[in-house]
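S.K.: Mind looking over this structure? Questions follow.
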């Protein structure tokens, strides 16, 4: 029983360590996805889940996503500024 609890605990920890969070970024413009309804926000949550994240919400006028795979880029993109187009 103790071994099972240790294995489950390790799996939870691995899931936490191997994910990241950050502002969702539009790869074409280099800008973060904007939002105006702070807190729980259906638009941001849908965008986050479309990028394989766990949960998205509006934070300081941008869609913040938690639980993203490490392979997904977040704002700001290195070497690319927001063009606003």
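Each residue, glycine too, has its Cβ placed from N, Cα and C.
The signal peptide annotation in Swiss-Prot covers 1-19 and rests on similarity to another entry. The feature domain 'LCN-type CS-alpha/beta' is assigned by Swiss-Prot to 20-83, with sequence analysis given as support. If you look up Swiss-Prot, you'll see 31-82, 35-58, 44-63, 48-65 marked as disulfide bond. Feature annotation from Swiss-Prot assigns serine amide to 83; the stated evidence is similarity to another entry.
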S.K.: Non-local Cβ contacts of residue 63 (disulfide bond) (under 8 Å, 6 or more apart, same chain)?
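M.R.: Sequence-distant Cβ neighbours: 23, 24, 32, 33, 34, 35, 41, 43, 44, 47, 48, 56, 57.
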S.K.: CA-CA, which of the disulfide-bonded residues 31, 58, 65 lies nearest residue 83 (serine amide)?
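M.R.: Smallest Cα separation from residue 83 (serine amide) among 31, 58, 65: 31.
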S.K.: Nearest to residue 65 (disulfide bond) in three-dimensional space, by Cα, is which of the disulfide-bonded residues 31, 58, 82?
M.R.: 58
S.K.: Which ones in the same chain are close to residue 82 (disulfide bond), with CB under 8 Å and 6+ residues apart in sequence?
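M.R.: The list for residue 82 (disulfide bond) reads 29, 30, 31, 32, 75, 76, given in order along the sequence.
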S.K.: Return the residues near residue 58 (disulfide bond) by Cβ distance under 8 Å, restricted to its own chain and a separation of at least 6 in sequence.
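M.R.: In sequence order, 35, 36, 37, 38, 39, 40, 41, 43, 44, 64 meet the Cβ cut-off.
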S.K.: How do the residues of the domain 'LCN-type CS-alpha/beta' (20-83) split into helix, strand and coil according to DSSP?
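M.R.: The composition, in the requested order, is 9 helix, 24 strand, 31 coil.
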